[in-house]
Amino acid sequence: MTESATRAPLGEAPSSASGAKAPLAAEEPRSARELSRHEFGTELSTLRQSRLFWVGVALKVVLALCFGSHFATRWFAPFAYEFVHSHFANPWDTFLARGEPMAFPYGPGMLLVVSVSWLPALVASFDPASFLGLFLLRIPLFAADLTICVLLMRWLRMNGRDAVIAYWLSPVVLYATYVHGQLDLIPTALLCVALFLIFTKRVTAAALVFGFALATKAHLLIATPFALVYLHRTCRPRREWLKFGIITAATALLLYAIPLSSHAFRSMVLGSAESRKVWLVSIPYGTSGLVLYVAPAAIVLAVLRFLSYRKVNRELSLMFIGAVYVGLVALVPPQPGWFIWSIPFIAYLGARFTRTGRFVLLALSASYLAYFFIGDPQVFLEAADPLLGAGFGQRTADALTLRYPGLLGAHAASISWTCLFSATSLTAIEMYRKGVRSNAIYDFRDESFMIGIGGDSGAGKHTIARDLTRLLETRLSVINGDDDHKWERGHVMWRRFTHLDPRGNLLNTQLESIAALRRGGDVRKRHYDHDAGRFTNPLVIKPNEFVAVVGLHPFYLPSQRELIHLKIFVDPKEELRRKWKVARDMAKRGYSEAQVIEQIEKRMADSVSYVRPQMKYADIVLRQGDTDPARPHHVDLELEMVSELEPLALYDALDMVSSLEVSWTPDEQLTRDKVTVRGDIDPEQIAALADSLLPDADELVHDVGWLTGGRGIAQLAIVYAIGVRLSRARTREIA
Ligand SMILES: Nc1ncnc2c1ncn2[C@@H]1O[C@H](COP(=O)(O)OP(=O)(O)OP(=O)(O)O)[C@@H](O)[C@H]1O
Ligand SMILES: O=C(CO)[C@H](O)[C@H](O)COP(=O)(O)O
């Protein structure tokens, strides 16, 4: 698979270029909803084109029709059928009265989801244990299965296709769901949907789905602290986690309240033997009767560890939730359905970290099937009873046990359980390690990442800062270099010096501000109000993950250069800069055209002496060529980038876009490369390029903040450079 394969739009020219669709305005942000709709379309079409996907569908349909253990044929299918057929009478009462306390140890949410496919039972009578019944039982499970697969592809992006192998064809899901007949895929899919909504910051919707999910099966309570911590660490306003907790709890409690008055419900669901299994493995602590509950201890340990992270990203959350669920099954008596809880997360590991991930996936799947066959051959084989006749499983298991007592006895079962235990433990450890490593990639520890944006007046410095704010949002603070002018407008000293002269600016004050913000301290600073030409009272600038220093001299002093992690210089075509400056100063600063032109001419010598020389220290120089407001997708940009940032990778990515003409020229010393870009590009293509250039680009930037045309390419080049610098710093730290 080529890296671009999951993103269809890369090679297509944007629609405005062809004139087929109204052009997107450069400032028009796309909503997160629009973007996700588009991406799911991409994922579904990737699935439709995958032969392996269709092989999986065929296999699942056949298994769903023909197989089912007594869990499916004696309990779950009749339970759902009874509920619908009786026009929604309380089925727990009916089954407890029949002496079937194990029939449905799930919450009301699970009954609601499972019943959807049984609506024909409202008007028709049939045997729920028949092929038809088995198939109806699997319809919501298939929907849950597909939902998980699509969400995984979305999360995995460039490795999306690998999700088909790692998840869609998972032997654990095939056996537990389509052969045995466990329902755990439903809460698992709901958990994944809730996580997807959490990651895209749709907190209310996430809480409603998560609350409903808890009402399907209470094991999801284990994922709750991880969701709360993630929201606490990543969401602004900070209280979002509380809102999530309240809505989730209210939704779950409301749903549980519906059947709560039923004694049968309380005894079959709330007091079920299954939920008590979590306490069964314990270590005695001396003779006083004190014991250590192993599984709860592991869960608490994981939650505490997760809480200790200052920064948590999506991958760390997925890996921790997966590690807890996979670790949990190693610490309780083995249940076939419980393994399902961790499978999407293990598949994520398998697709994302292919070498180790696939190895653990394989080890776990093989030892899972081996244990559930050797440990209980009768239940394993009875799933074929609907196809091969009642009693097939029992007869065959008895015959095999008699013939191979060593292979199917208690000792063999313990050996296979030991293997399964080892595979699950290894998986949990791998998930923990990979999650922690991925979380560290864009973590800049206790420093702010400083970005300097320099250039002449009207060259587009603040425009770049605003375009970066769209991507970095509240994680970016901006210092304005103009705040460090020495005097207010009209001051007599401005007759001696221009604003471009370092002697007209407090560059040492600026240096102190940069140093303080970089090490995480607040800065109190007056602001230069361009409307009035006066300084305001001092304002507080807070440190942040990213700080942009925007001005005429952000890297004039050597010490400024040392403190700034990424130096950007804007150097548009002079004619264009004049046009922009005249328009901006006339519209926003109250000057006439003649006044602006006179000011430009007067400052020219200082621009050449003091501003432009900073260009040689820049990591990136952005040279905007012609712009055409009627063609927002249009690009005419020259990028100069220090070779250490590997501009060739950027060139390679841009060169894949067929609607662009890209060229690359290194300088003779191989220290700076020039990349020229001409053509058309839209924000979705730029988002796709960011995905291909940076691991977890969406962790670094807000996905819907990408612009179109030249400004979008400038955003891409800067974000790429930030990503390279950050990941290099982390790699050095890890090494
Ligand atoms: N890439 C761009 N594409 C189109 N227009 C631009 C671009 N960059 C800047 N402009 C236009 O140029 C004007 C000046 O840009 P901006 O205010 O960002 O310049 P500046 O370098 O920050 O100026 P100053 O230092 O004088 O405050 C803006 O009002 C905007 O209309
Ligand atoms: O763009 C500028 C510097 O980047 C301004 O020209 C400078 O800040 C002077 O301001 P004013 O026009 O208010 O005298």
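Just so it is clear, glycine is given a Cβ too, placed from its N, Cα and C backbone atoms.
Those TrEMBL annotations? Automatic predictions, nothing curated.
The annotation domain 'Phosphoribulokinase/uridine kinase' is assigned in TrEMBL to 450-626. Mean per-residue pLDDT, taken over the domain 'Phosphoribulokinase/uridine kinase' (450-626), amounts to 96.
Residues or ranges marked as region 'Disordered' in TrEMBL: 1-33.
For 103-123 (among others), the entry in TrEMBL reads transmembrane segment.
For the transmembrane segment (129-152), the residues of the chain that approach it from at least six positions outside its boundaries are 40, 43-44, 47, 60, 64-68, 72-74, 76-78, 80-81, 113-114, 116-118, 120, 160, 163-164, 166-168, 173, 177-178, 181, 183, 185-186, 188-190, 192-193, 195-196, 344, 347-348, 351, 386, judged by C-beta separation under 8 angstroms. Taken from TrEMBL, the feature transmembrane segment applies to 129-152 (among others).
What TrEMBL lists as transmembrane segment is 172-199 (among others).
Residues annotated as transmembrane segment in TrEMBL: 205-229 (among others). Among residues of the same chain six or more beyond the transmembrane segment (205-229), those with a C-beta under 8 A of the stretch's C-beta atoms are 106-110, 113, 184, 186-187, 190-191, 193-195, 197-198, 241, 243-252, 254-256, 275, 299, 303, 306-307, 309, 312, 317, 320-321, 324-325, 328, 338, 341.
Here TrEMBL flags 241-258 (among others) as transmembrane segment.
Listed by sequence, the residues of this chain that lie at least six past the ends of the transmembrane segment (278-304) yet keep a Cβ under 8 A from its Cβ atoms are 222, 225-226, 320, 323-324, 327-328, 331-333. What TrEMBL records for 278-304 (among others) is transmembrane segment.
Nonlocal intrachain contacts for the transmembrane segment (316-332), taken as residues 6+ away from its ends with a CB within less than 8 angstroms of a stretch CB, comprise 155, 191, 195, 222-223, 226-227, 230, 277-278, 280-281, 294-295, 298-299, 302, 305-306, 309, 338-339, 341-342, 344-346, 348-349, 364, 420-421, 424-425, 427-429, 431-432, 434-436, 438-439. The transmembrane segment annotation in TrEMBL covers 316-332 (among others).
According to TrEMBL, the feature transmembrane segment maps to 338-354 (among others).
Here TrEMBL flags 359-375 (among others) as transmembrane segment.
Taking Cβ pairs closer than 8 Å, the transmembrane segment (408-429) reaches residues 323-324, 326-327, 329-330, 334, 342, 346, 349, 360-361, 363-364, 366-368, 370-371, 374-375, 377, 397, 400-401 in its own chain, all 6 or more past its ends. The transmembrane segment annotation in TrEMBL covers 408-429 (among others).
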Contact between the transmembrane segment (103-123) and the transmembrane segment (241-258) (at least 3 Cβ pairs under 8 Å, separation 6+): yes
Positions on the same chain near the transmembrane segment (241-258), where near means CB under 8 A and six or more residues out: 107-109, 198, 203-204, 206-208, 210-212, 214-215, 224, 227-229, 231-232, 235
Remote residues contacting the transmembrane segment (172-199) - C-beta distance under 8 A, at least 6 residues beyond either end: 59-60, 63-64, 67-69, 71-73, 76-77, 106, 109-110, 113-114, 134, 137-138, 140-141, 143-145, 147-148, 151-152, 154-155, 205-207, 209-210, 212-213, 216-217, 219-220, 223, 227, 230-231, 244, 314, 317-318, 321, 336-341, 343-344, 364-365, 368-369, 372, 379, 383
